[in-house]
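In what follows, a single structure is set out as structure tokens and then discussed.
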Amino acid sequence: MALTVLHRKLARDLWRIRAQALAIASVVAVGVMVQVMMSGLSDTLTDTRDAYFERHRLAQIFEPVTRAPNAMMEKVSALPGVLAAEGRVSGYGRVEGDGGEPVRAQILSLPGPAGLNGILMKAGRMPVAGRSDEVVLLDSFATARGVALGDHIGVTVEGRHLRLRVVGLARAPEFLFMPAPGEFFPLDGRFAVIWMERKAAAAVLDLEGAFNEALVLTTRARPSEAVLADLDRLLGPYGGGAGFLQDQQTSARFINEELTQLKRSSLFLPPIFLAVAAFLLNVTITRIVQAERREIGLMKAFGHGGTEIGGHYLELAFLIALAGAALGCLLGLMAGRALTGVYMEFYKFPYLVFSLRPGPFASGIAFSLIAAALGAAIALRTVFRLTPAEAMSPPAPPDFTHGRTGILSLMARPLDQPGRMILRQITRQPIRSLGTIAGVSAGLALNMAMLMIYAGFDHTMAVTFGFADRSDAVVAFTRPVSRDVVHEIAHLPGVLSAEPQRSVPVLFRNGLITHRGELTGLPEGATLSRALTPDLDPITPPARGVVLSRGLAERLGLQPGDPISAKVTGGRRRDLTLPVAAISDTLLGAPAYMRLDALTRVIGEPDRITSVAIRTTGKPSAALLHALRERPGVAGVSIKSDTFEAFKKIADEGAGQMRFIFGAIAFVLSFGIVYNAARNAFAERTHELASLRVLGFTRGEVALVLAGEIAVMVAIALPLGTWLGWSLAKLIAIAFSNELYRISVPFDLPSIAVAVLVVIGAMLASILMLRRALDRVNMVAALKARD
């Protein structure tokens, strides 16, 4: 019977504080939503990646060579720890466009009997053996270029023009995220992958009876690193020695970086919201316990123990937390499913179904209950300490006379009576006031930090495409050519200036730390492609030495003056040892720069270049693109404006959705804190506020007393939250930056303004709701004696 009575009381309590309960549940829901969404996305990407890689047998070791006889694959297969091995032929060509810019193409032989690096057919069929003109085309390129099954495409490889018939469209795990060589960002229509029957590909690339890339799957009995070392030694005489593991392959590396960020987000964000929820529950339960002292005394007098009564209030906290957790699970599921569409567009997975593992849901619910228990436990100490006689007596009124001669008295002198009441209420409950200020600051800081991170992406785009790269297009060649070609390109229609570049694939090493990348040679006084200082001043590579991007320098643990080893993995293989001359503030990629003449000299290929950066009169014209297509040695043309627009589209669609999500999260957090603080103040001071009406105060003046208390705490929280947001943004930028890109956080005033307006909006909404509640107060009931 007692349990039934307590349950009825529980229902009445929940109905009475329904608005506060909803606000607290919303904060819990946001924390659980982020946990479910981020963990679910992480599990989804991990499961899909692992299944896709395993099903299509993506190699665990890639070993490029210059040319090795097919018979060497028997020795590769006999190495300890090798489960399966296969040699393939790989090369590059150019797809003849439909009047647009030349497009790079990678030519690959179809998987052999071992089935390594298999492909997933999306449409059509495999080429018929012996038909050298039939090919399978990467489906994302076909979609972007409007190529259908049965269409013919023109391809130039090694100076030979081929007419190939597309009989199949496919995807492959090694091309989930694959920019064209020399580019950072993938564009579907700018990079083609063409799979050919092995004999046909070997004939086109002049590799009959040979291979130029070994693919290896390893057993669990031996570390892949040890197998790679043996493979480097075995194929070293054939131009090998620069193999790499699966996690260094471009697609796998980008996916792994994305997973790392999702896991960090799932660990970092939810505790903030659950801590706020614990604070709000503590304040709310404490107020209820203080208001129900007499009821608690009566229940104890009638034989109910402190544990039973405490359990009643704990149930109240649990119900609020469970409601929020249930809503958070639903919202997390919806948000996660929505964001899978963004990942499907960005990464070319064949499928992506949001994971419904019970782990994220269970942990979200468990942590919300823990937060509720912690929040209620502090308040329930009062329940256990109260005796029936003490509980049934009204609490002693607070003493507001202490410290009249202190600093607070000086602050109160210029204030009118409502102002003094506001100051007194804030200072006489410092813990609660500080908690409210801290909570509002946390909401402001979180929103501001995320807005600044997204402003950092905009800053990255502005610096990269406006300062570091000032060209309009880059013309890439199929192989190193004479520097004299720069003068020829400079005289093509619409070209204002042209600068040579040389890119060399290398394996950087500092001790045991390695990195696969490129050395880029820039001419002295380069103006179209530049390394920059943090102040955006150009860095001129010295006659000897290398300029490293900050991300690469940090990964390798290098400072200016330190030596760096660089093993050239393309063309003439060389082992270089160079001093680090300077560190550049590059935000996209991890480049390394040298002076062009110094680079070509140390690799033994003087005056040979691989690309030309050009500046044109506006976007490259059709006449210019036609002239470049007519040059057989041109592998492709990267138009900067197209890259910028594609990058901006992804940032606006993907990051734009996250901007909206985090803006809503910050509003919920700020509103939950501000509204609960205001509602608790209103519930505690209803008698006082009604008394002010009797003394002649207008409704507006009475509302001002209540609103002023909230406004003062919000005003204190704004500068504190701004400082916390700036610090948090820098910490997030450090945590989420990697060798692929660095996040530079500008002190962005629009981000600060938006974050502040969100908090002020939450405050105004709370005050408006309380003003309506104040207008509905029953004066007679509020003024009844409470003793």
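Just so you know, glycine gets a Cβ as well, placed from its N, Cα and C.
What TrEMBL annotates here:
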type	residues	note
TRANSMEM	21-41	transmembrane segment
DOMAIN	26-186	domain 'MacB-like periplasmic core'
TRANSMEM	267-289	transmembrane segment
DOMAIN	272-388	domain 'ABC3 transporter permease C-terminal'
TRANSMEM	316-339	transmembrane segment
TRANSMEM	359-380	transmembrane segment
DOMAIN	433-616	domain 'MacB-like periplasmic core'
TRANSMEM	434-457	transmembrane segment
TRANSMEM	660-682	transmembrane segment
DOMAIN	660-772	domain 'ABC3 transporter permease C-terminal'
TRANSMEM	703-729	transmembrane segment
TRANSMEM	749-770	transmembrane segment
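When each of the listed stretches 272-388, 433-616, 660-772 is scored by C-beta pairs under 8 angstroms to the domain 'MacB-like periplasmic core' (26-186), 272-388 comes out highest. Tertiary proximity for the transmembrane segment (434-457) is limited to same-chain residues at least six positions away from its ends with a CB under 8 Å from its CB atoms, namely 269, 272, 276, 279-280, 283, 651, 655, 658-659, 662-663, 665-667, 669-670, 673-674, 677, 713-714, 716-718, 720-722, 724-729, 732-733, 736, 743-746, 748, 750-752, 754-756, 758-759, 762. Taking H, G and I as helix, E and B as strand and the rest as coil, DSSP gives the domain 'ABC3 transporter permease C-terminal' (272-388) the counts 99 helix, 0 strand, 18 coil.
For the domain 'MacB-like periplasmic core' (26-186), the model gives a mean pLDDT of 88.
Helix, strand and coil counts under DSSP for the domain 'ABC3 transporter permease C-terminal' (660-772) come to 96 helix, 1 strand, 16 coil. Same-chain residues lying 6 or more positions outside the transmembrane segment (703-729) and placing a CB less than 8 Å from one of its CB atoms are 418-419, 421-423, 425-426, 433, 436-438, 440-449, 452-453, 456, 674, 677-678, 681-682, 685, 689, 692, 745, 747, 752, 755-756, 759-760, 763, 766-767, 770-771, 774.
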